[in-house]
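All remarks here apply to the structure that follows.
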Amino acid sequence: MTIPAFHPGELNVYSAPGDVADVSRALRLTGRRVMLVPTMGALHEGHLALVRAAKRVPGSVVVVSIFVNPMQFGAGEDLDAYPRTPDDDLAQLRAEGVEIAFTPTTAAMYPDGLRTTVQPGPLAAELEGGPRPTHFAGVLTVVLKLLQIVRPDRVFFGEKDYQQLVLIRQLVADFNLDVAVVGVPTVREADGLAMSSRNRYLDPAQRAAAVALSAALTAAAHAATAGAQAALDAARAVLDAAPGVAVDYLELRDIGLGPMPLNGSGRLLVAARLGTTRLLDNIAIEIGTFAGTDRPDGYRAILESHWRN
């Protein structure tokens with residue numbers, strides 16, 4: 001078997017699944033640790049944070065996949081309108097010192113169509129899955145395929161899409177996949193807005209209003225010592241005051257996205273529309289843990305953690 005050419009220290013671009021699988025296998029046999037960063041392209045600093053986290057692993061070789069997966073787009077979602085910037089994406093990967101880009105076509109990823117797919121658990125029908133009932137089946141199917149093709153030691157996802165991260169961890173656990181799933185904190189603009197490929201669609205007024213999402217989460221974190229309802233009320237007050245922000249949901253869950261206990265660690269998630277653009281955000285939050293007690297030294301870190309999560 002002839003292994004496709006691989007040039008260390010350069011960006012090697014492969015479009016055939018078999019080629020990247022062969023190169024990954026050969027690199028593992030030499031002792032390199034393969035890291036996978038799945039993306040749909042239109043790369044920004046949030047994606048590059050995943051790349052940098054992967055590169056920090058000793059002995060790593062980083063594979064970044066760029067594939068706009070049609071299976072995760074539902075009815076009424078315009079697949080053709082999704083931003084595609086392949087030349088800019090590859091230039092950014094070269095600048096980061098990435099050695100492998102995997103850029104398959106739809107025909108290469110699904111040569112027999114959607115013959116076999118992943119059926120997610122009940123969580124996939126909640127939150128983001130409510131208005132998008134087939135979305136996470138598409139996400140988990142393509143992630144499983146990427147993991148089988150690349151066979152990485154670790155795979156990296158951003159915490160901004162927190163429900164996706166939880167479902168991928170369920171996939172890996174339920175199918176006994178030999179890979180570690182690494183969640184990387186959300187990267188934010190200077191004013192707190194979570195970085196997203198969708199931000200480019202906001203007009204100036206919408207961009208100014210969009211900061212209400214992170215501001216609402218901050219307000220909730222400050223109010224959380226008084227309990228879950230106080231946290232939700234504080235967040236809702238900020239969102240209600242923001243012009244043009246239509247909230248799809250604001251929910252407090254436990255860290256696995258089950259029901260939130262009365263006290264302890266949780267996740268506060270928000271989705272909202274500004275015009276035709278839909279934005280997501282979330283933070284780690286501690287509910288009632290320090291109510292009626294002296295606040296420990298680490299309390300400020302909890303309140304400030306949304307800038308890193």
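A Cβ is built for glycine as well, from the same backbone N, Cα and C atoms used for every other residue.
Taken from Swiss-Prot, the feature N-acetylthreonine applies to Thr2, supported by a large-scale study or a structure entry. As annotated by Swiss-Prot, ATP binding site applies to 40-47, 158-161, Val187, 195-198. Swiss-Prot lists His47 with the feature active site, proton donor. Residues or ranges marked as (R)-pantoate binding site by Swiss-Prot: Gln72, Gln164. Look at Swiss-Prot and you will find Gln72 tagged as beta-alanine binding site. Look at Swiss-Prot and you will find Asp88, Asp89, Gln92 tagged as Mg(2+) binding site.
Projection of Swiss-Prot feature records onto the structure.
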residue	record	Cβ neighbours (10 Å)
Thr2	N-acetylthreonine	5
Leu43	ATP binding site	24
Gly46	ATP binding site	22
His47	active site, proton donor	27
Asp88	Mg(2+) binding site	12
Asp89	Mg(2+) binding site	20
Glu159	ATP binding site	20
Gln164	(R)-pantoate binding site	21
Val187	ATP binding site	20
Ser197	ATP binding site	17
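Taking the Cα atom of each, the residue listed as 'active site, proton donor' and Ser197 (ATP binding site) are about 10 angstrom apart.
In the three-state DSSP classification, Met40 (ATP binding site) falls within coil. The Cα of Gln72 ((R)-pantoate binding site) lies closest to that of Ser197, out of the binding-site residues Gly46, Asp88, Ser197. All protein chains considered, the CB of Gln72 ((R)-pantoate binding site) has 21 other CB atoms within 10 Å. Sequence-distant neighbours of Gln92 (Mg(2+) binding site): residues of the same chain at least 6 apart with a C-beta under 8 Å from its C-beta are Leu43, Leu48.
Note on Met40 (ATP binding site): other Cβ atoms within 10 Å of its Cβ, all shown chains, come to 18.
Across the structure, Gln164 ((R)-pantoate binding site) and Met40 (ATP binding site) are spaced 14 Å apart at their Cα atoms. If you compare Cα positions, Asp89 (Mg(2+) binding site) sits closest to Met40 out of the binding-site residues Met40, Gly46, Val187, Ser197. A Cβ within 8 Å of the Cβ centre of Asp88, Asp89, Gln92, the residues given for Mg(2+), is found for these other residues of the same chain: Gly41, Leu43, Thr85, Pro86, Asp87, Leu90, Ala91, Leu93. The two recorded residues Asp88 (Mg(2+) binding site) and Ser197 (ATP binding site) have their Cα atoms spaced 14 Å from each other. For the pair formed by Val187 (ATP binding site) and Thr2 (N-acetylthreonine), distance between Cα atoms is given as 41 Å, rounded to the nearest Å. On a Cα basis, the residue listed as 'N-acetylthreonine' lies 39 Å away from Glu159 (ATP binding site). The Cα of Thr2 (N-acetylthreonine) lies closest to that of Met40, out of the binding-site residues Met40, Gly46, Ser197.
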